[in-house]
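Below is one structure, written out as structure tokens; the observations come after it.
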Amino acid sequence: MQSSAALRGGPLAAAKHSGAPRCRRVTRVTRAVAEELKTVPFQANADHLQKWSNVSWRNYTALQQPSYPDQEEVDKACAEIASFPPLVFAGECRTLQERLAKCATGDAFILQGGDCAEAFSQFNANRIRDLFRLILQMSVVMMFGGGVPVVKLGRLAGQFAKPRSAPMEDKDGLSLPSYRGDIINGPEFTEAARVPDPWRLVRAYNQSAATLNLLRGFATGGYAGLDRVTKWNLDFMANSGEGKAYTDLARRVDEAISFMNACGLDMNSSVMKETEFYVSHECLLMNYEEALTREDSTTGLWYGCSGHFLWCGERTRQLDNAHVEYLRGIGNPIGVKVSDKMDPSELVALIATLNPENTPGRLAVIVRMGAKKLREKLPTLIEAVQQAGQVVAWVCDPMHGNTEEVQGYKTRRYDNIKAEVEAFFDVHEECGSVPGGIHLEMTGDNVTECIGGGACVSELDLSSRYHTHCDPRLNAEQALEMAFYVASRLRQRRERIQQEKESKGKSVMLY
């Protein structure tokens, strides 16, 4: 498989919780490790690959897999996908790994966001464009305010399958198989819709290919150029508080670009006209992932070519199960989601399995706990990883630990989401570690699925524009509001580090 260019492109709000355990500030510096960047996570002849193959996951228990009624049809559908071109390329994954390595040291920041689950019925160019545009807006806010590059990861072109807490769903006295995402079965509560259909795998591939084609066009065709920053606003946000704040920031960016132009900077360079954009999804449906696993002719490594970045969920991260077995051998940058249930020693063992050569940019640990539990549990996880000398990018998922039911709707409160992000930054500051990114379920649509924020969505508004058929998402205004908050914390962190450097420099001069 040939590689190709990637899709280019305040003060603390609350006092520390005195009752939460504090991790010791470990002076180990990961920056020195990250300076020796590797283009691949390991070599094709690495020791840990001796018993690994692209199909070795079949020898392990695979949780959260559908029960298809006809295995022969599954084999036919997967064979068809295996004959198709890869959706992404090894070279793109290697470039992403280099970008993520900087997120582990604080020299960049991850913005990962998109739908809870992509849907066949909601697939259209405008929705893809609006989410892409929202991610661009958020990244500009974070870069301009935080002063670091932003690695843009969309939950797109593959985020179809969803893990379920129960295999069956009960409604009005009827029990049917749970909805597991459009790649498996339908959301309609009927017996016919809930039967797993393997040919949905092929439809998911085709939708992913079309999505990637559009994203590549947006990323490299001029739409994402910084000279268009004032034109990215979503129409329904024109008069909102966050929309106006973005417009003000966009004008400042325009002024900076005009100044650089006057200084002789080439306004037609790729830096100004293009952007890097990558796609990600949960590595869940193993037959689909295997069908898109390809050997790279340049390095001899196998890559999961269904997406640039694949992650293992909280329900499928067992060391002796199929998902970890598969992920440990592919060359992609990968992630693992952890909750408050994760034991520190277990996390260290899991990191060692998934990133055996401790390669910067290889692994992100995505934390989903809820604000209170995060303050209690995250410090011990960080300390264990620091003591083991492991290099990871820490990412905050403030969505999944804050889900509740209100008036029959599954929802999340913006204040709780923000509280977890705030706790994430606070804990890393206390531990002397690096907050590397944020992972959001969000949409560019004007929905009313999460309560609160500047959008002022109330409990009574939930029925107005509740369009998700899975988990609730931040709307564009709420997501942009979050971007401004993250930018303020990144700026605060940058200023604190600069002050420490200046103070250290003065101490050396005095000595």
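Any Cβ shown, glycine's included, is placed from N, Cα and C.
TrEMBL: automatically predicted annotations, no manual curation.
What TrEMBL says about this protein:
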type    : residues                               : note
BINDING : CYS116, HIS400, GLU441, ASP471         : Mn(2+) binding site
BINDING : ARG155, GLU314, ARG315, LYS337, ARG368 : phosphoenolpyruvate binding site
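Feature annotations (TrEMBL) mapped to structure.
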residue: CYS116; record: Mn(2+) binding site; CB count, 10 Å: 22
residue: ARG155; record: phosphoenolpyruvate binding site; CB count, 10 Å: 26
residue: GLU314; record: phosphoenolpyruvate binding site; CB count, 10 Å: 16
residue: ARG315; record: phosphoenolpyruvate binding site; CB count, 10 Å: 16
residue: LYS337; record: phosphoenolpyruvate binding site; CB count, 10 Å: 22
residue: ARG368; record: phosphoenolpyruvate binding site; CB count, 10 Å: 22
residue: HIS400; record: Mn(2+) binding site; CB count, 10 Å: 20
residue: GLU441; record: Mn(2+) binding site; CB count, 10 Å: 28
residue: ASP471; record: Mn(2+) binding site; CB count, 10 Å: 18
Max pairwise CA distance, angstrom, over record-listed phosphoenolpyruvate binders ARG155, GLU314, ARG315, LYS337, ARG368: 19
Whole-number Å value for how far GLU441 (Mn(2+) binding site) lies from ARG155 (phosphoenolpyruvate binding site) (Cα to Cα): 8
Inter-residue Cα distance where the pair is HIS400 (Mn(2+) binding site) and ARG368 (phosphoenolpyruvate binding site), in Å: 6
